[in-house]
Amino acid sequence: MSGTRSYAVSLFSSPSFRIYLCHTSPLHVLLRYIHEPSLSGSRSSKTFKPKKNIPEGSHQYELLKHAEATLGSGNLRQAVMLPEGEDLNEWIAVNTVDFFNQINMLYGTITEFCTETSCSVMSAGPRYEYHWADGTNIKKPIKCSAPKYIDYLMTWVQDQLDDETLFPSKIGVPFPKNFMSVAKTILKRLFRVYAHIYHQHFDSVMQLQEEAHLNTSFKHFIFFVQEFNLIDRRELAPLHDLIEKLGSKDR
């Protein structure tokens, strides 16, 4: 077995942030991974970068294989459960990286539609607008376009995933005491990208015939954060109706 955890991290660009959204849509069944879009075009090549794969032999690789096997069964509720005998922090870390990769690819498919002109503010319809702050480089929340906000956001997430003090790569090195708090913030912020895509760009997603990928990825994400209470219900309000519809199909 490898001596490192080697998280699968896909590169993107952005600091930290705060936001959410809403929508209802047709729901499909599973399709675990989506095709990577073309990296041609100035904006896409800047914001969308390929994911790194978890090396075979590492413990994280085995955990992902377990998740893929349960996802393949068609039972997403079962797929998100903590495998018997596994560490909760490790499970959350592996899935957090995986969701980052998924969202990175999903957003990469619609970057040409999410521009400074079309999305001059990071919003989720008329009721929700998000201003960016990461508490370090940008301490006072600033109003910015959606592509800029998401660029800030994904760069910030990438920085957290690359931080050895937060996501240790060596096996046997414990996770820090604040790991769960950081993971919750990452997932809360990643939710906002899903929300923006659903609220502002779902028509484009349908034109690209990617709605099944988006719906499955989001359903997996929501079931995971619900399983471990990782995002406050108030944060999920902008997509409340969609979340209810997703959940009702599994009751």
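Cβ coordinates come from backbone N, Cα and C, glycine included.
Just so you know, TrEMBL annotations never went through curation; they're auto-generated.
Per TrEMBL, the features are:
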type: BINDING; residues: C114, C119, H196, H201; note: Zn(2+) binding site
How many other Cβ atoms sit within 10 Å of the Cβ of H196 (Zn(2+) binding site)?
-> 28
CB neighbours within 10 A of H201 (Zn(2+) binding site), counting all protein chains shown, number 24
For Zn(2+), residues beyond C114, C119, H196, H201 with C-beta within 8 angstroms of the site's Cβ centre include exactly I110, F113, S118, A146, P147, I150, I197, Q200
